[in-house]
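Chemist: What follows is a single structure, and I will ask about it in a moment.
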Amino acid sequence: MEPEAGTNRTAVAEFILLGLVQTEEMQPVVFVLFLFAYLVTIGGNLSILAAILVEPKLHAPMYFFLGNLSVLDVGCITVTVPAMLGRLLSHKSTISYDACLSQLFFFHLLAGMDCFLLTAMAYDRFLAICWPLTYSTRMSQTVQRMLVAASWACAFTNALTHTVAMSTLNFCGPNEVNHFYCDLPQLFQLSCSSTQLNELLLFAVGFIMAGTPLVLIITSYSHVAAAVLRIRSVEGWKKAFSTCGSHLTVVCLFFGTGIFNYMRLGSEEASDKDKGVGVFNTVINPMLNPLIYSLRNPDVQGALWRIFLGRRSLT
């Protein structure tokens with residue numbers, strides 16, 4: 001604890017992250033599991049990115065967004081897992097106040113970007129299926145870049161808002177965070193000043209950040225579903241479901257865990273459920289995304305096989 005300059009309060013200089021397990025016997029198991037998950041996630045997402053870059057058939061708007069999503073997945077898991085692995089190796093569970101805020105900022109930057117990028121991908125599928133004749137014009141490279149740039153701008157604003165709001169809170173008592181990374185709900189519980197305004201801000205911004213994209217995604221897929229029902233060929237159905245089904249699975253996983261995590265701030269203590277949701281948000285989702293998108297997509301599968309076998313595309 002260190003005294004705050006110009007005040008009579010004391011401020012927490014560092015937090016203690018309790019992590020996923022407290023028993024020393026389980027820590028090597030957790031280390032191995034998370035190291036494996038991290039390497040699989042990095043390898044899977046970089047493979048998807050490489051396939052998109054080298055395969056001419058994948059130089060399409062849908063895969064441009066998928067490549068961006070792969071970069072986000074790598075960033076999301078890198079914000080939390082390497083630091084946790086380092087603490088397990090060094091047997092030190094502390095994180096400085098500044099490092100905690102930095103982790104909070106980058107986590108919400110990437111999570112916010114995920115929200116908007118998934119929305120852009122839904123819009124892309126809407127245009128491809130409902131407006132096929134004008135799709136290339138409506139989803140030009142300029143439009144793609146504008147959508148990604150706007151997503152980054154909105155995500156940055158969201159992350160900065162929460163980080164600045166968090167920096168106004170005072171921490172002068174307990175400093176044990178019942179989690180394996182710094183996040184809003186757990187830090188709210190440790191603050192010795194009122195968090196009512198911060199929680200209200202989280203609900204308001206969360207409604208905009210999650211609610212608006214979710215409404216746009218549902219609207220897009222309502223039109224897509226109506227268009228798919230008019231398709232008479234079995235091949236057309238298969239193609240629509242192969243692209244839309246993967247995206248819908250990722251949307252359900254991402255928004256489902258996110259809403260559960262941030263829309264239940266009334267509980268007095270952080271529980272193991274919060275840690276489980278945190279593992280899903282930061283580890284499981286980024287690890288599953290490459291598998292989900294490649295499992296139902298023969299073009300991605302073919303490109304990945306050619307990369308692994310060292311063959312060039314015939315197109």
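Here the Cβ of each residue, glycine as well, is placed from N, Cα and C on the backbone.
From Swiss-Prot, for reference:
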DISULFID  Cys100-Cys192  disulfide bond
CARBOHYD  Asn8  N-linked glycosylation site
TOPO_DOM  1-29  topological domain 'Extracellular'
TOPO_DOM  53-60  topological domain 'Cytoplasmic'
TOPO_DOM  83-103  topological domain 'Extracellular'
TOPO_DOM  124-143  topological domain 'Cytoplasmic'
TOPO_DOM  162-199  topological domain 'Extracellular'
TOPO_DOM  224-240  topological domain 'Cytoplasmic'
TOPO_DOM  265-275  topological domain 'Extracellular'
TOPO_DOM  296-315  topological domain 'Cytoplasmic'
TRANSMEM  30-52  transmembrane segment
TRANSMEM  61-82  transmembrane segment
TRANSMEM  104-123  transmembrane segment
TRANSMEM  144-161  transmembrane segment
TRANSMEM  200-223  transmembrane segment
TRANSMEM  241-264  transmembrane segment
TRANSMEM  276-295  transmembrane segment
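Could you tell me the structural context for the features on the list?
Modeler: The local packing around Cys192 (disulfide bond), expressed as other Cβ atoms within 10 Å of its Cβ over all shown chains, amounts to 15. Under the DSSP three-state reduction, Cys192 (disulfide bond) is assigned to coil, being neither helix nor strand.
Long-range contacts of the topological domain 'Extracellular' (83-103) within its own chain (CB-CB distance under 8 A, at least 6 residues past either end) are made by residues 11-19, 27, 30-31, 34-35, 38, 163, 166-167, 171, 177, 180-182, 187.
Predicted-model confidence for the topological domain 'Cytoplasmic' (124-143) is 93, expressed as mean pLDDT.
Same-chain residues lying 6 or more positions outside the topological domain 'Cytoplasmic' (224-240) and placing a CB less than 8 Å from one of its CB atoms are 125-126, 129-130.
Nonlocal intrachain contacts for the transmembrane segment (104-123), taken as residues 6+ away from its ends with a CB within less than 8 angstroms of a stretch CB, comprise 62, 65-66, 68-69, 72, 75-76, 79-80, 147-148, 150-152, 154-156, 158-160, 162-163, 166, 181-184, 187, 209-210, 213, 216-217, 220-221, 247, 250-251, 254, 258, 281-282.
Here the transmembrane segment (200-223) has Cβ contacts under 8 Å with residues 112, 115-116, 118-119, 122-123, 125-126, 130, 154, 158, 161-162, 165, 184, 244, 248, 251, 255, 258-259, 262-263, 265 of the same chain, all six or more residues outside its ends.
Below 8 angstroms of C-beta separation, residues 62, 69, 111, 114-115, 118, 121-122, 125, 128-129, 183-185, 202-203, 206, 210, 214, 217, 221, 224, 228, 274, 277-278, 280-281, 284-285, 288-289, 292-293, 295-298 of the same chain, each at least six residues beyond the ends of the transmembrane segment (241-264), sit close to that stretch.
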Chemist: Under a Cβ pair cut-off of under 8 Å, which of the recorded stretches 30-52, 144-161, 276-295 contacts the transmembrane segment (61-82) most often?
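Modeler: It is 30-52 that shares the most Cβ pairs under 8 Å with the transmembrane segment (61-82).
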Chemist: Which number gives the other C-beta atoms within 10 angstroms of the C-beta of Cys100 (disulfide bond), all protein chains shown included?
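Modeler: I count 23 other Cβ atoms within 10 Å of it.
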Chemist: Let me spell it out: take the topological domain 'Cytoplasmic' (124-143), skip the flanking residues so only those 6+ beyond its ends count, and list any with a Cβ under 8 Å from a Cβ in it.
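Modeler: Beyond its ends, the topological domain 'Cytoplasmic' (124-143) has Cβ neighbours at 61-62, 65, 220-221, 223-224, 227-228, 240, 243-244, 247.
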Chemist: How many helix, strand and coil residues does the topological domain 'Cytoplasmic' (124-143) contain under DSSP?
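Modeler: Final tally across the stretch: 17 helix, 0 strand, 3 coil.
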